[in-house]
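What TrEMBL records for 187-327 is domain 'Peptidase S54 rhomboid'. Positions annotated as transmembrane segment by TrEMBL: 80-99, 143-161, 182-202, 222-240, 276-295, 307-325.
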Amino acid sequence: MERRTNFWALIASPVPVLERFNLLLQQKCGFRKAPRKVEPRRSDTGSSGEAYKRSALIPPLEETVFYPSPYPVRTLLKPFFFTVGFTGCAFGSAAIWQYESLKSRVQSYFDGIKADWLDSIRPQKEGNLRKEINKWWNSLSDGQRTVTGIIAANALVFCLWRVPSLHRTMIRYFTSNPASKVLCSPMLLSTFSHFSLFHMAANMYVLWSFSTSIVNILGQEQFVAVYLSAGVISNFVSYVCKVATGRYGPSLGASGAIMTVLAAVCTKIPEGRLAIIFLPVFTFTAGNALKAIIAMDTAGMILGWKFFDHAAHLGGALFGIWYITYGHELIWKNREPLVKIWHEIRTNGPKKGGGSK
């Protein structure tokens, strides 16, 4: 009769009985029950247990373990605040940078006159490598000079991917994944990260091609703020899509930020003519190209295509359209209060520091 009572108690409340049974086994074996942890998820399995089809653009991740949160919505809180905070800091820093740049140009104008006079009376060296480099640098447009640093940073990170001992570090910090333990810094660092040479070459070619137009539209300082913010915002959109669909996986590349640049130029100059590098004869308007790209990335995001991070592409494109249409008026044209505060700090700061005793 006692055995029957225990049997029905097991059916009525199976969890407590099983827990007591496990506890007895663990005590008998000489160890205590460890606190319950979230089961790690290997990168080669999806949420439904299906094999994860790795894109050729991302590194092999067979040995990488990801830890998806049991509360997916909470996973997005830190990335959300990081996105808002970083975007604000980027535009604030760009406004201060523009102030300092304009101030230095006034001084460098007079210094330049003096330097030109000295160069005119100084004997010129033929075949000087530094002179040739300066000549090439001065032949570039403002936009091309601006993106040269971005391209160099991408090339450096690409070289780091070739070092086997750095793979774990690169996967942790230079690929963005909402199931990773590190969530915020990869949202920015992955924007400069490419594992495939073709992926990097294609992205940098598009960035170089649109650099002159976007810097002419926004200016150097505002462009840098938009580009860096676009990388973080596009990754946040990717996070939201991955958490909503349960399709966790790493992403990397500058495509989200470059989509912002492309969308901004196409929105500002919709009648401009574009062409594909392999089909230069076939041309189309920038407006039609933007519509086709948005349609393709929307379809890829809905259908779950895995070759590209279509959510990041779409997020970058929508941010570029929004910024040209509304963001420039709302953000950049309201930077004057910050610039005034900075001007007061620059002007009155040394006086408040105290003079010589």
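Note that Cβ sites are derived from N, Cα and C of the backbone, with glycine treated the same way.
Regional average pLDDT for the domain 'Peptidase S54 rhomboid' (187-327) in the model is 91.
Between the transmembrane segment (276-295) and the transmembrane segment (307-325), the number of CB pairs under 8 angstroms, six or more residues apart, is three or more, so the stretches are in contact. Within the same chain, residues 56-59, 75, 78-79, 82-83, 86, 150, 153-155, 157-158, 161, 170, 172-176, 228, 231-232, 235-236, 239, 251-254, 256-257 sit at least 6 positions outside the transmembrane segment (182-202) and bring their C-beta atoms closer than 8 Å to a C-beta of that stretch. Contact between the transmembrane segment (80-99) and the transmembrane segment (307-325) is absent: fewer than three CB pairs lie under 8 Å, with pairs separated by 6 or more positions in sequence.
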